[in-house]
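*Asks:* Sharing a structure with you now.
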Amino acid sequence: MTRHDATERQVQAADPANSTWLGANAGSGKTRVLTDRVARLLLNRVPPQRILCLTYTKAAASEMQNRLFDRLGGWAMLGDADLRHALRELGVDGPIETALLREARRLFARAIETPGGLKIQTIHSFCASLLRRFPLEAGVSPQFTEMDDRAARRLRAEIVEELADGPESAVFAGLARFHTDEDLDALTAEIAGQRDRFSGAGDADAIWRQFGLAPGFDAAALMAQVLTGTEGDLMARLLPALRAGSSNDQKDAVRLGALDLTRRDPALLAGLEAVFLNGSGAKQPFAAKIGAFPTKATQAALGPALDDLHALMARVEAARPHRVALAAAERTLALHRFAAAFLPRYAQRKQAHGWLDFDDLILKARALLTDPGVAQWVLFRLDGGLDHILVDEAQDTSPAQWAVIELLAQEFTAGRGAREGVERTIFVVGDKKQSIYSFQGADPGGFDRMKAAFGERLRGIDRALVDLTLDYSFRSSPAILNVVDLTFPEGARQGLDRDMLHRAFHADLPGRVDLWPVVEDSEKPETGDWADPVDALAEEHHTVRLARQVAASIRAMIDRGETIAVKTQGGFTRRKLREGDVLILVQRRSDLFHEIIRACKAEGLEVAGADRLKIGGELAVRDLTALLSFLALPEDDLSLACALRSPLFGWDEAALYRLAAYRGHAWLWEALRSADWAGTETKLTLTALRDEADFLRPYELLERILTRHDGRRRLIARLGDEAEDGIDALLAQALAYERTEVPSLTGFLGWLESDEVEIKRQLDSAGNRLRVMTVHGAKGLEAPVVILPDTAARQVRIHDQLYPLENGIIAWKTPAEDRPPALAAAHEARVRREEEERARLLYVAMTRAEQWLIVAAAGKLTRDGSDWYSRIAAGLDRAGPVACDFGFATGLRYELGNWGGAAADARPAPAPTLALPDWAKREAQRPARPPQPLSPSDLGGAKVMPGEAGGMAAEAAMARGTWLHLLLEHLPDAPPANRPALARALLSRCDPPTPEAEIDSLRAEAEALLADPRLAPVFAPGTLAEVPFSADLNGRPLRGTIDRLIVTADHVCAVDFKTNALIPDRPEDVPEGLLRQMGAYGHALAAIHPGKRIETAILWTRTGRLMDIPATLSKAALARAPLP
């Protein structure tokens, strides 16, 4: 069969008979090639467990596995003719016999039945599975867990505190001498990330030589180069002359006069440099100002001393390189000494917790595969299980990851590994132009280096590494690809492939590139409203104006019925533009990012929201944490007010003001409980949650708020579907907290506040909603319309603090003006790599567009044309654009294909309406699950009278109640003379033991109750103590324990002990929660003792009053209980 050139190249790349190195342009179908290659390997009867496919992200692994299963599942259902056609398209040549068809139909079952599943995973997942398979050999815990960023930050902070206060405080002080930031976390994170580059405490001589210094060179040697002992006399003559000179001379006199010439250290030299040498921005930076300092008149006044001054200035100039080199060397040595103390503790602490971070997974896997004691055995075990290795997104693979892949594949070409009769292959696909993850260790140069290394190894066993490229784009239109190529012409492809060629598979797909005029800085002063937040941008700020322009343009496109092409089997048809067709990409989550989201929402556009969320900033999370803060501390008026105003309770401002304004000195919670007009539901919900807050874990309490009390539905109804991501993230944080800490509500709230957690939202399937993302987050995505508004000048900022030098030594970056040549060269190289990566980022951004690319900018452009806007404008100019009126201004447009006329008016034929059967519209019957038992004390409602103490006082009261219940359970059966000793023994041995100050009062209270003749029937012989029971309540099991049960021939009475401080005068005033509890007792006893009269009563221990609870009262309360 005849194939298109693009398809033919894909078929060649998917051929499993060859080891292949594939360079793939954006949108060229590399995921399909990977899927096809795995399918053809399976079709060739390669056991699934012998194939390893490594992808860059979990999402990519999931997508590839889904595509493969769709392909194999489809084969299982195809008829012979259709299956033969599918295999032909896959690249199977020659006759396709019935046996091969049968084999193809079996592949789906073979794949899903493979033990452990198909090995399609990220490199980190593979290394984790390798370490779990060989934990003892790797020196890790068999039950290790992967440490998250929060745990890593906390662990690093703890170690820093230990070093600062411990016996090695001098090491910390040495680092602190050079570290000026308040937070050490960024530096310690970088040290941990480059742990394999640190060895010991650092070789001082090697560090000194690296910076061009002789070993042992110190501050004394430095100052000896400058100071000869005559400087005091010189200053005595210079300073009066300067003070009598011009204003500049007088300023210099002040600076020189402040210097202490007896303090012979580099700080003195730096002070002399500030006066005697040019600044960093001068034509001759840091050269002595001989002839220019001091002013001419002052020079004449100095007379012969001027020569001495010039000599000193020359010595200062000559010594400056040594000063900055010494400072860098001392700084770097302090870094290495700190790392030598920090890294072992970091490793030991992780080992103690059973934690591994993501770098550990790679480094320990590499160490395992290179350990001479076990490496051959591990490789032998793996060798029997791996015959084919496929690597996706190879351009983003780090050197350490390449080392793991190389070690896995080395047996393919060495010794017995290159075994006869088995074709073992390596397949690597990547695109250096799309390497944009250097902050995660990506090394685009490694792509070519590893290609050469694998090619050399394969040639050693007389096999070839097939080198192919995929030039055709199945995504973008010719117009967009033309502009991409012209944006990166020859000579301007630093960081990209030198031979860059793009071809459009859909050569007749309409396409356009629009260049909007730059939104200039506003000349008006930004005078926002005084009530606006101080960090809010004024409405006339260029960022806000561009955001509104973007949102209004999208709104106009949709309203005027703008259409886009839809690819069909016979060509193209058109449909109207929707929000989900638009993807807005920015370089970073700056003010522009948030302003665009806000402006789009203001225009009524459906927006998927931000691609990353900071949990603490989400409204739904803030509402929930406000409620949790109140539950932890009922006196927290502000948190209660926030919770009431939130969607959880829905109070308006007027109701909250009415409650708060006239409460006097009472807490807001007290005022709410006493307010007859306040909603009963609010009070019941808060009371129930208060009763449960001390007993439930944070996750359980959150779930109760969200589920039993309908919090999730209320939050999403008010805040939108986006709120669900924040809610789920908060629940995940609660589970993470409970895994590592002793759970408590106050502890969880403090844990949340101690760190700012950010979650990544998956917007690749946002439905019909507009997406606003960073370019990094959009890697692998595409859209018919892409808007690039963040293309203006952007300063290159290097956040790295550690620079590897030529000899492998890690150096600590110094300020720009004090940077010695070795560090300056390393910094310049890092800046070049950043600029190259920024060019690759632009390439990725432009190639996300299928048909329509819109470029905009706000603010200033660079003079050298290095900003994105200028680069695209230059490329567009080469393409030959035309002026275009965009409504708000005139810009440029480059367009190919038919965007108007009859073709644009055509509408796709309506899709046939497929009606689902009725059974598909009904929710499937859920399998029966044993209902969770109910507790009489867990039926909601208040347990205490309004005004009774909360918070810590409530906890103390509960503890006292528990101790008194213990005495009333055991003392009635003991002789009165033995009760004091028994009471002390019971209270001192309980867990936790009763405070000594409480024992006598508790014993006295218990003995008073037992001695009260009115209560004799309650504690009479034959009555039962702490009686467990189980009954049914509305289909749910009801289980509890009755404090005292009196059973006679004709009636049963349940007595419950209550130690409340405030006691109601009559049964009707008993708190709702207690009435529900007594109703539950009565309901259970009626089922257990049918035909008998059932009574319930409460014994108020503070007063010794036994209060009968009428059955009508308790039954009505039980009926009001919100049973889940």
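Using N, Cα and C of the backbone, Cβ positions are placed for all residues, glycine too.
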*Asks:* Out of 1-23, 277-299, 415-437, 484-506, let me know the one TrEMBL marks region 'Disordered'.
*Replies:* 1-23
*Asks:* For ATP, what surrounds ALA24, ASN25, ALA26, GLY27, SER28, GLY29, LYS30, THR31 with a Cβ no more than 8 Å from their Cβ centroid?
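*Replies:* Those within range, site residues removed, are ASP431, LEU470, SER473, PHE474, ARG475.
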*Asks:* Across all the protein chains here, work out how many other Cβ atoms are within 10 Å of the Cβ of ALA26 (ATP binding site).
*Replies:* 23
*Asks:* Would you count the other CB atoms within 10 A of the CB of GLY27 (ATP binding site), including those on all shown protein chains?
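*Replies:* Neighbour count, Cβ to Cβ under the 10 Å cut-off: 22.
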*Asks:* Just how many other Cβ atoms lie inside 10 Å of the Cβ on LYS30 (ATP binding site)?
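*Replies:* I count 21 other Cβ atoms within 10 Å of it.
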*Asks:* For the binding-site residues ASN25, SER28, THR31, which one has the sparsest Cβ surroundings, going by other Cβ atoms within 10 Å?
*Replies:* THR31
*Asks:* Work out, from DSSP, the number of helix, strand and coil residues along the region 'Disordered' (1-23).
*Replies:* 9 helix, 5 strand, 9 coil
*Asks:* For ALA24 (ATP binding site), which residues of its chain lie six or more apart in sequence with Cβ-Cβ distance below 8 Å?
*Replies:* LYS30, VAL33, VAL429, GLY430, ASP431, THR469, LEU470
*Asks:* What number of additional C-beta atoms lies within 10 angstroms of the C-beta atom of GLY29 (ATP binding site)?
*Replies:* 22
*Asks:* If you average per-residue pLDDT over the domain 'UvrD-like helicase ATP-binding' (3-477), what number do you get?
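*Replies:* Result for the domain 'UvrD-like helicase ATP-binding' (3-477): average pLDDT 89.
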